[in-house]
Amino acid sequence: MNIHEYQGKEILRKYNVPVPRGIPAFSVDEAIKAAETLGGPVWVVKAQIHAGGRGKGGGVKVAKSIEQVKEYASSILGMTLVTHQTGPEGKLVKRLLIEEGADIKKELYVSLVVDRVSQQVALMASSEGGMDIEEVAESHPEKIHTLLIDPQAGLQDAQADDIARKIGVPDASVPQARQALQGLYKAFWETDASQAEINPLILTGDGKVIALDAKFNFDSNALFRHPEIVAYRDLDEEDPAEIEASKFDLAYISLDGNIGCLVNGAGLAMATMDTIKLFGGEPANFLDVGGGATTEKVTEAFKLMLKNPDVKAILVNIFGGIMRCDVIAEGVIAAAKAVSLSVPLVVRMKGTNEDLGKKMLADSGLPIIAADTMAEAAEKVVAAAAGK
């Protein structure tokens with residue numbers, strides 16, 4: 001689950017990470033009032049969407065008067081902001097953050113992610129803040145410093161100081177940088193975040209260390225123990241299909257293709273999408289019905305896929321381990337009838353009760369295209385989507 005910048009800064013503030021004073025605004029009038037409350041002479045008007053690259057897209061403006069705050073708030077609120085992370089369709093801006101200006105002397109970068117290989121937390125830091133870390137990694141990889149943190153020990157003072165110096169923090173500001181880094185780590189750990197990023201972490205002219213931005217992503221499987229994080233959820237920023245899928249415990253992600261995919265198991269789902277692409281097709285979604293799929297879940301999965309007008313064919317690829325093929329077949333038949341299926345349907349089943357499942361499909365009277373291998377299924381569904 002993602003949250004907005006101003007919400008991320010609320011979290012950082014709780015963990016003693018210095019952030020600028022700022023007030024969220026949902027209208028132009030609220031933006032003006034926020035600016036007046038903060039006082040000048042400089043304010044930053046920031047679009048609040050769940051995507052990076054807002055500055056380059058015109059979603060961050062520096063205002064030097066209340067009139068400019070009004071002007072920028074009017075132009076940003078309601079705009080469709082397109083960045084490299086939103087895709088060409090962009091995101092509608094419904095919230096702003098009005099923030100006091102900062103005296104930026106140097107911009108730094110710091111982030112935390114889970115390193116699954118080492119089973120530790122990876123801290124990445126760079127002296128090249130304020131830009132995409134991917135660009136830094138490509139052009140100046142030597143400027144990215146990585147530290148693996150033992151979760152049982154946490155981020156130690158000496159480690160934080162060493163990283164701070166490596167990214168160019170002067171000695172006089174190292175204690176402040178240590179506080180910011182350790183606060184970020186503690187916030188990351190205690191909220192079950194999967195990513196926490198400050199870009200940029202700035203040094204001001206008088207040597208202060210301040211988090212000028214905040215990005216958090218949380219492990220959805222851990223949200224049950226963080227109601228305070230769930231309260232930050234903004235459904236307007238999420239795909240309506242993915243919200244609907246979550247109601248039925250379906251793992252669904254919208255994609256840009258025209259072939260709907262219904263698979264049990266995340267690994268098999270990814271392999272299925274890869275195979276579709278290998279045969280020249282484009283998946284319209286990732287959809288994992290899990291190991292406990294019921295007729296209701298399969299029916300809802302079909303409804304979700306068919307709400308996408310771009311879907312021209314559907315591939316059901318099932319491995320019957322925990323899930324029996326006859327149960328899936330029953331669900332597929334019921335779902336196809338319930339939604340009056342109007343696009344070609346390719347089904348491939350392997351595993352428990354495979355023969356029974358195939359017989360049920362064959363006897364259903366539905367125009368189902370059968371396949372024995374994943375390659376055959378992918379080839380057939382790509383052809384069907386192309387109208388061949």
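The backbone N, Cα and C atoms fix where each Cβ goes, glycine too.
Lifted from Swiss-Prot, the feature list:
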- Lys46, Gly53, Arg54, Gly55, Glu99, Ala102, Glu107: ATP binding site (BINDING)
- Asn199, Asp213: Mg(2+) binding site (BINDING)
- Asn264, Gly321, Ile322, Met323: substrate binding site (BINDING)
- 9-244: domain 'ATP-grasp' (DOMAIN)
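Distribution of Swiss-Prot features across the structure.
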residue	record	DSSP class
Lys46	ATP binding site	strand
Gly53	ATP binding site	coil
Ala102	ATP binding site	coil
Asn199	Mg(2+) binding site	strand
Asp213	Mg(2+) binding site	coil
Gly321	substrate binding site	coil
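If you take the Cα of Ile322 (substrate binding site) and the Cα of Arg54 (ATP binding site), they are about 45 angstrom apart, rounded to a whole number.
For the domain 'ATP-grasp' (9-244), the mean pLDDT of the prediction comes to 95. Between the CA atoms of Ala102 (ATP binding site) and Asp213 (Mg(2+) binding site) there is a gap of 12 Å, rounded to the nearest whole number.
Cα of Glu99 (ATP binding site) to Cα of Asn264 (substrate binding site): a span of 46 Å. DSSP classifies Glu107 (ATP binding site) as strand under the three-state reduction.
Counting only residues at least six positions away in the same chain, the Cβ atoms of Glu5, Arg54, Gly59, Val60, Leu96, Leu97, Ile98, Glu99 sit under 8 Å from the Cβ of Lys46 (ATP binding site). Of all Cβ atoms in the shown protein chains, 13 besides its own fall within 10 Å of the Cβ of Ile322 (substrate binding site). In this structure, Ala102 is the one among the binding-site residues Ala102, Met323 with the smallest number of other Cβ atoms inside 10 Å of its Cβ.
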